[in-house]
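Each remark here refers to the structure printed beneath this line.
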Amino acid sequence: MPENVELCSKDSRDQNKLIHQLEQQLSIITRLLYTTSVSGVELDRSVLPYISNDIVFKDPWQEGGNKHLYRIGMKGFHNMFHFTFDAFQLNVKLNDDQKTGRCIVDGIMNVNQFSWIYSYPLRSILVYEFRLLNSQTMDVPQFEIFRHEEMWSLADMIDAIPIVGWLYKNIFRRGFGYFFIFIMIPLLRNRCPLFLRSTILRIPSTFVNVNNSQNKNSFSLPRTVFDVIPKPLHPYVRLSRIDKPTGSWVIFLPAAWSIALAGTTMTNLYLVGLFGIGTILLRGAGCTINDLWDKEFDRRVERTKSRPIASGELSIKQGILWAGVQLSLGFLVLIQLNFPTIVMGVFSLIPLFIYPVMKRYTNWPQFCLGITLNWGVLMGFTAATGFLYPSVIIPLYFASIAWTLHYDTIYAHQDKQDDILVGVKSTALLFGKDSKLWLRAFSIGIISHLITAGLSVDQAWPYYAGLIGVGYHLHRQIETVNLNDKQSCWTTFVSNRCTGFMILACILAGNFLK
């Protein structure tokens, strides 16, 4: 046999052996990653060494990267879900440079969360892109994965759901097609004006009497927001509670915690600014929607009867228009973020519109308020990382909801007498004399879930040390507040800004030593 033929044959055998070894190892990695009964310790020992520091993970929803975040997502996936993976085919191919390659796995992810009812199958293709670290040593190939991609169809996800999949395929998709044709025919055949009539919004002019005898060079700093905003807009300012910033702080700060847990960077500082603007706009929209729902109740409560819609200072039409303006501006802020965060932001409108009616039907409207106000927690970490990490944002979300239950129960004690008269429900009325016992339980929930979130991102010791101070601060609030004194309740409610800043300081201190 010619020498060059023999060398080619040997090279081919070596390459086939290398590919076979890579296929075996990547098969093991796939099984460990997608069998969620595997422990976090085993993942760190058997999978993490094969993960590159610059890894990028991608699925049809989102894309994000780096080894630290990959580890968080990997372990969180195993802690929160119950999956197995059936691989039908696995193939490895080396690129022409013989230093990088790709592995494609075809199989089914089985969601066994509710296996006693149904195991949900999702046809999936996994792609690993890797680089060889010892291309000269073929006996024990060493490699690192720098891209991990999941490919699956959203339509397949729906189709696999019993009953829902059949309705989607046979009724919704066909029905939507027929509906589209039904609508388009008259639009194509007839002139269809978009606006039947236009309305003009006129801002009433005001007469300003200028006293020429005053010193033209005199100047005084504005003391309130009303000193810098034109008088015709004052009712809209009060409708959005812009003049009462505590509500904005307790919405903004949990979102800031979420962003800060992702790291202290200039990009994240920019996100904090965006979330601050979004908080003001969406809080204003929420207050407007709340006042539209509650106008009849507000007229019968001493503290709220002077609100613009309840008092008749603004009409319902003006309130709806103002809510639309704020939501539109909020959407312009939202679209500056990545796709997963935009999707989550759109879903935040559901609790935003539902919450105002909860006080009519449940004794736990403060819990519904917590779900609504703290949606930014779910969005902050996702906006900063480009990826959804349930193991981080879910415990942080629960901590924030517990915080809302804490401060808004205190807030609700201001109105408990009026609430009894008008028939509005609240946790203040539900807990009654046991309110402080419940407040202690909420405080424990805040601290315990903050500890869980910190463990998920490997926070440093200053974070946990700082939480001791937060716990003491919450304890002092509960001990000193007089729930039968409106002023005491208001002062304690306002002091929760300090609580939020203390938690943010804990996160930043932990980041500094990570």
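Any Cβ shown, glycine's included, is placed from N, Cα and C.
Worth saying up front: this structure is predicted, and the values here are computed from it rather than measured.
According to TrEMBL, the feature transmembrane segment maps to 171-188 (among others).
Within the chain carrying the transmembrane segment (246-263), a Cβ under 8 angstroms from the stretch's Cβ atoms is held by residues 271-272, 275-276, 279-280, 282-283, 287, 373-374, 376-381, 383-385, 392-393, 396, 400, 403-404, 407, 453-454, 457, 459, 493-494, 496-497, 500-501, 503-504, 507-508, 511, all 6 or more beyond its ends. The transmembrane segment feature in TrEMBL is assigned to 246-263 (among others).
Look at TrEMBL and you will find 341-357 (among others) tagged as transmembrane segment.
The feature transmembrane segment is assigned by TrEMBL to 364-381 (among others). For the transmembrane segment (364-381), the residues of the chain that approach it from at least six positions outside its boundaries are 250-252, 254-259, 261-262, 271, 275, 278-279, 286, 337, 341, 344-345, 348, 351-352, 354-355, 358, 389, 392-393, 396-397, 400-405, 408-409, 412, 425-427, 430, judged by C-beta separation under 8 angstroms.
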Worksheet item: By a Cβ-Cβ criterion of under 8 Å, what residues six or more beyond either terminus of the transmembrane segment (341-357) are in contact with it?
Response: 61, 282, 285-286, 289-290, 292-294, 327, 334-335, 365, 368-369, 371-372, 375, 378-379, 382-383
